[in-house]
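Pulled from TrEMBL:
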{"type": "DOMAIN", "residues": "8-72", "note": "domain 'Transcription factor CBF/NF-Y/archaeal histone'"}
{"type": "COMPBIAS", "residues": "93-119", "note": "compositional bias 'Basic and acidic residues'"}
{"type": "REGION", "residues": "93-146", "note": "region 'Disordered'"}
{"type": "COMPBIAS", "residues": "137-146", "note": "compositional bias 'Polar residues'"}
Amino acid sequence: MDGEQDRLLPIANVGRMMKQTLPPTAKISKEAKQTMQECATEFISFVTGEASDKCQKENRKTVNGDDICWALSSLGFDDYAEAIVRYLHKYREAERERSANQHEASGTDRGEESNHESKQPVFKVPGGLEFRVLDKGSSSSFTNPS
């Protein structure tokens, strides 16, 4: 059982995400959380496997965001692929800006970290969720503003 639990997403995280999309008074059963945990884990594995197959055919070892978008689309999840492509574009844009701001603040053109606290970009995706780009070592976060 421990081996299976290791491959699954943390149930507390799954429950939190589910709760954010429901009315405040709604309850979620343990069975519902476990079912969603299994489904979400399987979905991630399914999409990642498809992206990995593409990378292997192209003799690449690293799966990137574009590969995930391609896999979503090739598996028939075009609506999700379009949303993720938009997010990926905004994420890369924010990373370029953040990098430029760090270089400007540190007075260098190299990728050295500065003590300058950059403002964290926020990306909104369908469903009312917000994703924040965090510095390395920080926990990822998303919020539902409603």
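Glycine residues also receive a Cβ, built from the backbone N, Cα and C atoms like all the rest.
Taking H, G and I as helix, E and B as strand and the rest as coil, DSSP gives the domain 'Transcription factor CBF/NF-Y/archaeal histone' (8-72) the counts 46 helix, 0 strand, 19 coil.
Taken together, the residues of the domain 'Transcription factor CBF/NF-Y/archaeal histone' (8-72) have an average pLDDT of 95.
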